[in-house]
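Each remark here refers to the structure printed beneath this line.
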Amino acid sequence: MELFRYHGLGNDYLVLDQNYFNMELNPERIKLICDRNFGVGSDGILYKSNKEKNDYCVKIFNPDGGEAEKSGNGVRIFAKYLKDAGYATNEEILIPTLGGDVVVTYLNQKGTLMKVYMGEATCSSDKIPVIGEKREVVHEKMEFQGKEYFTTCVSVGNPHCVIFCDEISKAFACEVGPYVENSPLFPHRINTQFVKLIDKNNIQIEIYERGAGYTMASGSSSCAAAYAAYRNGMVDNDITVSMPGGKLQIQIEENNIFMTGPVCSIGKVILDNEFVEQLKEL
Ligand SMILES: N[C@H](CCC[C@H](N)C(=O)O)C(=O)O
């Protein structure tokens, strides 16, 4: 059984292609594969099933075993895998995800840099979702861990809670993030970004992901944080998002979101039968 490791700005994923990994996935198997001590270790799994009628369809799983509607680094990685594995030969492809279709344009022959149409962003409470009456969740006071924060909530296919701060840090993201992720305000839980405004074209973020915790980078988080800053009138429509793992370029056209960034292939992982037997028991 083989799987393929990639990363997008230090947000690493394992690609499981049913042609090389012929085992059904379940939450327990996902958790063990993603475990950084007892398994291969990863920020998530990108699964290519043979059951889909569209060959480019991807299922996205978080290390906690839950399924995500979309992943920005994930779709860039999956597009690179499709090219590396010889499935994709065109310079532009459409990848269906649970949270809507994305369109990937390869910007070089190797496919290590690409521009992705991530779909439409929205702050509408019913689309995220956020409990309460239907409204635009922009600059709304919310309480987490007994403290009040002004938040802007965004869906780009998956849910995000964006909090603007004068200073941000990994420690702060890891302290507050779990309370936001699991707040009763968010029926599907939520990804959280802590955002420092640099200028009209630059923001810096720290990320606490739903089902994954702290990550070095996140494509959908970058889209959500940039869109939230745009909706609050803080930035223009061309924003560089800086994260601990690197930078992504976000462009906003009305509510349409475009993300440009790199992907890196790390290598193939061949699972020993001993570990495969462990997975089969789950
Ligand atoms: N944890 C996210 C999915 C991965 C997002 C992130 N890795 C990205 O690059 O967008 C969720 O549950 O919606």
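Cβ coordinates are placed from backbone N, Cα and C, and glycine is handled just like the others.
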Exercise. For the substrate site that TrEMBL lists with Asn62, Gly72, Asn73, Asn158, Asn191, Glu209, Arg210, Gly219, Ser220, give the additional residue from the candidates Asn11, Asn273.
Key: Asn11
Quiz item: Using DSSP, would you call Gly72 (substrate binding site) helix, strand or coil?
Solution: helix
Quiz item: Given the substrate site residues Asn11, Asn62, Gly72, Asn73, Asn158, Asn191, Glu209, Arg210, Gly219, Ser220, which other residues of that chain have a Cβ within 8 Å of the mean position of their Cβ atoms, reported in sequence order?
Solution: Gly44, Ala68, Lys70, Ser71, Gly74, Ile207, Ala212, Thr215, Ser218, Ser221
Self-check item: For Gly219 (substrate binding site), the three-state class that DSSP assigns
Solution: helix
